[in-house]
Amino acid sequence: MDSTVHDEIEECSEKLTVEGWLKRVERRRQLAYTSDYDFTNDQQMNDEVLAKRGSWTGRYDFLLSLLGYSVGLGNVWRFPYLCYSNGGGAFLIPFTVMLVIAGLPLMFMELSLAQYVGLGPATLFKRLAPLSEGIGYGMILVSGMVMLYYNVIIAWTVFYMVVSFEVPLPWRGCQHEWATSNCFSYEEEDDCLATNRSYYKASCLSMEQYRSLNATVRTPRKPPAEEFFKNYFLQLSSGIEETGMINQRLAICLLAAWVIVFLCLSRGVKSSGKVVYFTALFPYVVLAALFIRGLTLPGAYDGIMYYVRPDWDKLRTAQIWGDAAVQIFFALSPAWGGLLTLASYNRFDNNCYRDAIVVAISNILTSFFAGFVIFAIIGFLAHELDTGVDSVIDQGAGLAFVVFPELVGKLQMPRLWSVLFFFMLLTLGLDSQFTLMETVVTAVLDTFPSLRQRKIAVVAGVSVVGYLGGLIFVTNGGMYWFQLFDKYAANWSVLLIAIAECVLVGWIYGAERFICNIEEMIGKRSKWFRRFWVTVWKYITPAMLLFILCFNWLQYKPVSYGRYIYPDWADVFGWIIALAPFGIVLLVAARKMCINPEPFTWPSFRKLTQPSANWKPSQPRLASEMAYANSGGIEL
């Protein structure tokens, strides 16, 4: 046997010190490096396995799907705001640090796990350690809940993109039924001033009429785009207690959004893998166009400087480190099940390490570049309104559906820019929604393999359930429900699940053993590679996740929407949403121990934490050589 192979075997043996593991690795390496081994037959066997479950058909299908999933709406409408409020360019330092020690390790771990066994979260954890089966179900529940309300954002963008073709844009001016007396249009004010009249409550008044009014009390000014969004588009009620009726306009848009998702996922990753070639790359084209246009606008320089000017003193505060950790964690979306689902369709020898690094770097670069785009156009809007950037900046839905619509009305060819912007949001949202839904669909198919021949019916069924479940978000009180789910659905349970995942892989299964599994896929690596990832997975990443969790709890504030404060029952319901996924982890673990036929002893408990007989690599050649030292693991 080659000396290099022998050295690696000895290294794995020293780390694991388990009799039988050495023999298993040796057999694999002998097969892998024996010149007369028939790799053609092995490749055919692997192709047959992939054909049964499905796989990526193009070279870059997986990478672009992963990029589209990780680079989403949050990169455009949340990161710039966090960067602005946390010291500008100084925010990049903690953001990059958190990427290296928290985000990237979790992403690399999940991609490697799923690619190694070719399974989604529903069955992967059951085979890795029967006691951890609930981790997979918890992830699926997170993706399912987010899937319900995330498609509502896509429905909003569909509506705004369609009405952007109207002449004039429907949110221009205050001469509409949906406009209140607080509506204030600068264009209409300029028209009034041009005729020596004053603008008051959407009307032009003569100086005598204006003086006769007791106008000393200033009414709050609201831009037309905000009133259009709340009064016409959402038909917003006064609170979550008044859920009201279903908004037919929104219900139709939501149906259209689900039809789009269904059509793109009807053939699984074979169809979605082709769609992402457009949806993952088109946003960069629009961002580049918006950036070039933004640089030519007056006030853009002030907006950009407001964004990037570093405040190094912020680095001494816990807030900037906490915000960076939370943002990178939710930007890459580990512990949601999506990364596991995408990687489960990979070929066994795909370089998932390279993919993880490429996507992580792309995420941070996209986020920072999007900040330049957003603040350039916000600087222009502040210049036009003769106000400060801080009075214009917003995040989330407020940025996408209030600030930007208000802005495009001041640009040349406003309909073109409006269509491009909302189409960009549509593609960003679809990329993430594809993976969220594919996570749920894959869970069903992995749990019930007989349904793989009827995958279109399964996708249709999930789409129908998703549409019906999302109707609560298109009622008059839907925005309040949306904010509630957005705050709690992917919060504390995701962090707790990620911590459990690190403990499971790093300590119970063994980070050293896992590194050997990774080398079977991507080839032998240096000892520094092994030492770095073992240290990160066992110590640094779990500690950082605990920090993020504690930071979230210390910074906790009850959910609110604008000035509206949610009732106590809504906050309690939010906590139930937040803790339900991790509750499933605990319940499934308790059930496993209860149904275990053996008496509850330490050896029987250990069996529940060991890989079952079905835990094996997706490569048929390696699977046939399985000889785990802890093969006493059971599957319940």
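Each Cβ is built from the backbone N, Cα and C atoms, and glycine gets one as well.
Features of the protein shown, as given by TrEMBL:
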TRANSMEM  62-79  transmembrane segment
BINDING   Gly68, Val71, Asn75, Asn363, Leu428, Asp431, Ser432  Na(+) binding site
TRANSMEM  91-114  transmembrane segment
TRANSMEM  135-163  transmembrane segment
DISULFID  Cys174-Cys183  disulfide bond
TRANSMEM  246-265  transmembrane segment
TRANSMEM  277-300  transmembrane segment
TRANSMEM  320-345  transmembrane segment
TRANSMEM  357-382  transmembrane segment
TRANSMEM  416-436  transmembrane segment
TRANSMEM  456-482  transmembrane segment
TRANSMEM  488-511  transmembrane segment
TRANSMEM  532-556  transmembrane segment
TRANSMEM  572-590  transmembrane segment
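For Asn75 (Na(+) binding site), the count of additional Cβ atoms within 10 Å of its Cβ stands at 25 [all protein chains shown]. Over all protein chains present, the Cβ of Asn363 (Na(+) binding site) has 25 other Cβ atoms lying within 10 Å.
For the Na(+) site, the Cβ centre of Gly68, Val71, Asn75, Asn363, Leu428, Asp431, Ser432 serves as reference, and the other residues of the chain with Cβ at most 8 Å from it are Leu67, Tyr69, Ser70, Gly72, Leu73, Ala280, Pro283, Thr366. For Val71 (Na(+) binding site), the count of additional Cβ atoms within 10 Å of its Cβ stands at 25 [all protein chains shown].
Packing against the transmembrane segment (91-114) from elsewhere in the chain are residues 66, 70, 82-83, 120-121, 124, 128, 314-315, 320-321, 323-325, 327-329, 331-332, 334-335, 339-344, 346, 352-353, 355-357, 359-360, 363-364, 367-368, 498, 501-502, 505, 514, 517-518, 521, 533, 536-537, 540-541, 544-545, 548: each is 6 or more residues past its ends and has a CB under 8 Å from a CB in it.
Same-chain residues lying 6+ beyond the ends of the transmembrane segment (416-436) with a Cβ under 8 Å from its Cβ atoms: 65, 67-69, 71-73, 75-76, 143-144, 146-147, 150-151, 153-154, 157-158, 160-161, 164-165, 169, 260-261, 264-265, 272, 275-276, 278-280, 282-283, 286-287, 289-290, 293, 336, 338, 341-342, 400, 404-405, 408. Residues of the same chain lying 6 or more positions beyond the ends of the transmembrane segment (62-79) and with a Cβ under 8 Å from any Cβ of it are 56, 107, 111, 153, 269, 272-273, 276-277, 279-281, 283, 287, 327, 330-333, 338-339, 342-343, 345-346, 350, 355, 358-360, 362-363, 366-368, 370-371, 374, 395-397, 399-400, 424-425, 428-432, 434-435.
Here the transmembrane segment (488-511) sits against the transmembrane segment (135-163); at least 3 CB pairs are under 8 Å, leaving out pairs fewer than 6 apart in sequence. You'll find the Cα of Asp431 (Na(+) binding site) roughly 36 Å from the Cα of Cys174 (disulfide bond).
By the Cβ criterion (distance under 8 Å, sequence gap of 6 or more), the transmembrane segment (320-345) is not counted as touching the transmembrane segment (277-300), fewer than 3 such pairs being found.
Only residues 6 or more beyond the boundaries of the transmembrane segment (357-382), in the same chain, are considered here, and those with a CB under 8 A from a CB of the stretch are 63, 66-67, 70-71, 75-77, 79-80, 83-84, 92, 95-96, 99, 103-104, 107, 284, 287, 290-291, 294-295, 297-304, 306-308, 331-332, 388-389, 391-393, 399, 403-404, 406-407, 410. Among the listed recorded positions, namely Cys174, Leu428, the Cβ with the most fellow Cβ atoms inside 10 Å is that of Leu428. With a cut-off of 8 Å on Cβ pairs spaced 6 or more residues apart, the transmembrane segment (135-163) and the transmembrane segment (572-590) reach 3 or more such pairs and are scored as touching. Cys183 (disulfide bond) sits 30 Å from Asn75 (Na(+) binding site), taking the CA atoms of both as reference points. Residues 147-149, 151-152, 155, 234-237, 239-247, 250-251, 253-255, 258-259, 261-262, 265-268, 437, 440-441, 444-445, 561, 564, 566, 570 of the same chain sit 6 or more residues outside the transmembrane segment (456-482) yet have a Cβ under 8 Å from a Cβ within it.
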